[in-house]
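So the structure is just underneath, and the comments pick up after that.
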Amino acid sequence: MNGIAASQPYVIAFFLLWAGLMKLLSRRMRAQAGQTALARLTGPARAVPVLRLVGLAEVAVATALLLPPTHLFDGVAAALLSAGFLAYLTYAHVAAPTASCGCLGTHAKPVDARSFARAGLLLAAALITVLLAAAPGLVPAVTLPGGLPEVVVLAEIAALLALSSELDRYWLVPLRRLLIRLRRPLALAPTGSVPLEASLHLLRRSPAYCSASAQLTSDVRDTWDEDGLRFVVYGARDRTAVFAVPLVGDDPRAVKVALVNA
Amino acid sequence: MARSTAPDPPADLLGPVQGEVSWFCCGTAWGPCSSTGKGACGTCNSGNLQHAWPNTSDACWAITRPDSCGVGLSRRTCGFRHRITALCSGSSVVTAIADCGPQTDLFCGERSCCGATCASNRLIDLTPAAYSQIASLSSGLRPAEISTA
Amino acid sequence: MRSRRDVLRSAVLGGGASVVAATAMGSLGPEAAFAATAPAPAQKVEPGAPDPDFAEGRIRSIKENTLLVLGSNLVFHTIRVVDGTSLWKLGPVAFDQAKPGDGLYARGVRMPDGMLAAESVWLNIVNIKGHIKNITGQTLHLDHNGHEVLCHVVAGKSVAIHSESPPTEDLSMLKVSQHVQILGAWRPDTNEVDIATVFSPH
């Protein structure tokens, strides 16, 4: 178990460095600071300075975690940062549900369950670090089979990365696109009939509709097909406008209209 | 850093500008609109004669970015009035700004036509009350001319 | 109904006694009755204010030809539907398709007694923008302002419009992560929508 616990500072340091460097170096992230929940919390004018300050704190704690020896203070600072981060996510979810979190990247997605899961996992890792530094004896000295600690730590990192929606475009989007190419979910056998919306689109592009549309007062009242034509009826104040739209072809000039006293 | 203004003089500065018009719901209403608030100005309601404009503030411009489609638009703030005229029919409505939008940059180059008249790029979004004065809600997207009122 | 359709059909194809104006094939005929003759009358409603000739809300109850609607601003509307009223619910529908619980937008003329005489009623119509998160079966998973909306393809009804191309029933050109506008009919009290039209910029 010690192997797993001893790797936690490095896992946390990796994510803190990522978050901190993004905040300090990404110009785009600073430009978008106004749309994050942070802007709601601090006011838009203070969003960028606060973003920088948080980035600095993250880099400082990450450096402390990476540099030996492991100190109790490092773990406590990481746990405090993680707990603060969870509190911030909760605030963002309640106060600005449509704003993005501005945590690790420039994506515009609001805070969701994945953000909470990632923050929770980081907090757990930080608490293990604190435990290891404060009372090494409390960590069970069970010897795990060779290779298992490494697998567990790699799985932890993979889970943290998978929970990072900032990275979706690198793996989730291509994966979904591949699955869609293989399964072709929307490939429908043509029904043979022309959807009404297709006829209405042709109708709206037609000179006939143009000349009559100022008179129309209702949406489509009635429609039927006859002799290769689709008839579409609209209300036109106290009159009726009837259009004939060809079911075959894509020439808007072929659409005809009559205004009828009925 | 996002630019706060377009490099060229705004297209709508000297005269009307043509673009696509669509509609959106606001106010805490039914359906997917239930989570939508009252818009960037805090006054938006589906039943009011209002619209969303892509340049209501620096933060708004950074989201909508009409300049990435080659369109510059003037800064207009909450309550400013525009007249939106449907091309072809000529029916028009005067509405007041109540929100930031649409996201012009995500639909760059898209074109809508009515007869031989076409307009490109999404420049304005109307509330259902306003859109239904100049077109049917079921049409979803129409070419229009936008001028100051 | 048959005879009325016959009258309308012959009006648009060959003229008739009741025809006020008609277009000839490919070109416009005498357009006196069509042209917007006078400039539009001055707008009665102050920009930014509620439009009294418009109503928004959810149907509470239906009595004969009248819809009792509770607006989102908690104002009640009484909406009368007559023969000439158009109703939309993923396309033109008959009055019996209106159900309590449906959301609606209606435009018409406000009567002195406060009732709205409807010219058009759109039931459950939504027009949402977002990016496609995933596509499974006949469903687009749309990320709309951070909320997932399941948009179902309805065979024979749903079409995609890729900018200037003619509408197509084939929606397989749509891609994960692309941005679209979806016009459709909301299924009341769910996060699901039946698709009428997908507008795609590419």
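Yeah, the Cβs are placed from backbone N, Cα and C, and that goes for glycine too.
Caution: TrEMBL annotation is automatic and unverified by curators.
In TrEMBL this protein carries:
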DOMAIN    A:5-131  domain 'Methylamine utilisation protein MauE'
TRANSMEM  A:6-26  transmembrane segment
TRANSMEM  A:47-67  transmembrane segment
TRANSMEM  A:79-104  transmembrane segment
TRANSMEM  A:116-139  transmembrane segment
TRANSMEM  A:151-172  transmembrane segment
Any chance you could find the range in A:6-26, A:79-104, A:116-139, A:151-172 with the most Cβ pairs under 8 Å to the transmembrane segment (A:47-67)?
A:6-26
Taking A:79-104, A:116-139, A:151-172 as candidates, which has the most Cβ pairs under 8 Å with the transmembrane segment (A:6-26)?
A:116-139
Could you tell me how many residues in the domain 'Methylamine utilisation protein MauE' (A:5-131) are helical, how many are strand and how many are coil under DSSP?
101 helix, 3 strand, 23 coil
Taking the domain 'Methylamine utilisation protein MauE' (A:5-131) alone, what is its mean pLDDT?
82
